[in-house]
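The block underneath contains the structure these notes are about, expressed in C-alpha cells.
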Amino acid sequence: MDDFLPDLSLRHTSAAALIPLSLTYYALGVLSILPNTFLFRLLLQPIFLWQAWGCVTSIDFSAWLAQSLGLQNSDSLAIWNSSFMTGMCCMVLRSFEWTFMIKEPIRKYDLTMDQDAPKVSRKPLSISSVLLDGLDLFFNLRGIGWSWSPQPSLRWTTAPPSILSLFASFLFRVTMFDASQYLIQLVCPAVSSKPGGGSIFEPNLSLLPRIALAAFASICGGVWTYLLLETNYHTAALIGRVVCRQPASHWPPISHRPWLSTSLHEFWSYRWHQLFRHVFVTFGARPGGALLGQPGALIGAFAVSAVLHHFSMWGAGYGSEFSTVGGFFLLMGVGVAMEVGFKKVTGMRVGGFFGWLWTMLWVLVWGIFLIDAWARHGMLASEFFPTGRRPGKPLVDAVIGLSNVMANRWDVGLGKLNESALSYNLR
C-alpha cells in the first residue's frame, strides 16, 4: 500500500494551512446543525478534502512542534505526526458524514444529569448557541450530548471523580506510561537506538528467549498504548473541567479495565477505548452489515480501524506495513467472528476464565507483530519528556536497583550458609 502513498520526507514546518482547514471544518459542522444547508455543505466538502490532503502531505507537525518548543531535533517527536494523521483522517470521515449521511440537522442536547436517570432535551437554536455548538462538535468524538450518538448521555458506574483525584490519576498514568516505554527501551535497546526505531526481536538470543523477550515488550507496549490514550484523555478532561468549567458528567471514562475482558467482543466493544467507535460503525459496520450481514459488519468495522491505523503509522514518516498493523485489527475481527460462531454452535457465550485466557492470548500473539512494527517504524523511539525529567525512569531504575541489592544479599546469605555447612561437615 505504501507504493501508492506520497513521499513525506519533503514536508515543511509551517502549519499556517491548518487555519483555513479548521475554519472550513468548523463551517461544515455549523452547517450540519442548521436546516436546509445541504447545497452549501456539498460545495464546501471538496474544498475541505483538498485542504486536508495538502496538510497531511506538506506539514511536518513534529518539526513544527519542535520549532515551537525551541528544540533542535524533531526526529524523536515522530509520534506527533502519527497523531496528527489520525486526527486528520477522523476529520475527513466526519466531514463526509456531515455532508452526505445525516438525514436531518444534528442537535446538541441539554443534559440533566441525574445519575440514576439521565435525561436529554433539545436545545433551541440561536446564533450564539449554533456557533458554540459548532465548536463543541469540532472536538467531540464520542457524541456526548449530541443527537448523532446512540448514547448521547453516558452514566458513570461509580461517583464521578473530583478534580483533585482526577489530577492524581493523571500523574499516576503519566508515570506508568513513561515507565512502560522505558522498560521496552531498556530490554530492547534497538527500539530507541535511532529515530527510525528497531525490532523488539533480539537477534542475538536463541528462539525461545527471543520470543519471550518480544512477548514481554509487547505486553509493555499494550500498557504504553492504553496509558497514552488515558493520559491524553485525562489532560483534556482536566482542561474541560478546570478551564471550561464543564461538569464531570461530560467526561466519563473512555475505557473500562480492558485486562478484565473475558471475550474479544467485550474487549473491543466496551472495555477498550471508544473514541473512534462512531467512525468505525458509520463507515465500516453499517455498510458491511448491509452487504454481508453480521460477519460483514464485524469485518467492516475492523477494516476501517485497520486502514486508520495504517495511515496513522505512515504519518510518522518512517513508512508503514499494512500486513502487520492493519492485519492485527483484521484478525481481531476474525476473532470476534469466531466467538459468534462458537455461540451458534454451542449455544454459549465466550466468557469466564477460559474466555479471559483466549482473549489475552489472541490479543498478545498478534499484538507482538503490531508492537514490533511500531517499534521498527520509530513509534516507540519517540520522546515525551525533556532529557533527565522522565517521571517513570527513576521508578524503574529504583526497582531494578532494589532487586539487585536483594539478589546480592541473597547470594551473600547463600554463601555464608554453604560455608557454615562445609565447616560443620569438616568437624
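Residue numbering: from 1, along the chain as shown.
Glycine is no exception: its Cβ is also placed from the backbone N, Cα and C atoms.
Features as listed in TrEMBL:
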{"type": "TRANSMEM", "residues": "15-35", "note": "transmembrane segment"}
{"type": "TRANSMEM", "residues": "47-66", "note": "transmembrane segment"}
{"type": "TRANSMEM", "residues": "78-96", "note": "transmembrane segment"}
{"type": "TRANSMEM", "residues": "207-229", "note": "transmembrane segment"}
{"type": "DOMAIN", "residues": "251-331", "note": "domain 'Wax synthase'"}
{"type": "TRANSMEM", "residues": "296-316", "note": "transmembrane segment"}
{"type": "TRANSMEM", "residues": "322-342", "note": "transmembrane segment"}
{"type": "TRANSMEM", "residues": "354-375", "note": "transmembrane segment"}
* Chain residues outside the transmembrane segment (354-375) and at least six past its termini with a C-beta under 8 angstroms from it -> 184, 188, 190-191, 197-201, 214-215, 217-219, 221-222, 259-264, 266-267, 313, 321, 324-325, 327-328, 331-332, 335, 381
* To do: For the domain 'Wax synthase' (251-331), would you mind checking the mean pLDDT of the predicted model?
  => 92
* **Helix, strand and coil residues within the domain 'Wax synthase' (251-331) as assigned by DSSP** => 60 helix, 0 strand, 21 coil
* Ranked first among 15-35, 78-96, 207-229, 296-316 for CB pairs under 8 angstroms with the transmembrane segment (322-342) -> 296-316
* **Of 15-35, 78-96, 207-229, whichever stretch has the most CB pairs under 8 A to the transmembrane segment (296-316)** => 78-96
* Structure fact -> Same-chain residues at least 6 beyond the ends of the transmembrane segment (207-229) with CB under 8 Å of its CB atoms are 173, 176-177, 180-181, 183-184, 187-188, 191, 200-201, 254-255, 258, 273, 275, 363-364, 367-368, 370-372, 374-375, 380
* **Close approaches to the transmembrane segment (15-35) from elsewhere in its chain (Cβ under 8 angstroms; 6 or more beyond its ends)** => 41, 44-45, 47-48, 51-52, 54-55, 58-59, 61, 64, 91, 95, 98-99, 102, 104-108, 125, 130-131, 133-135, 137-138
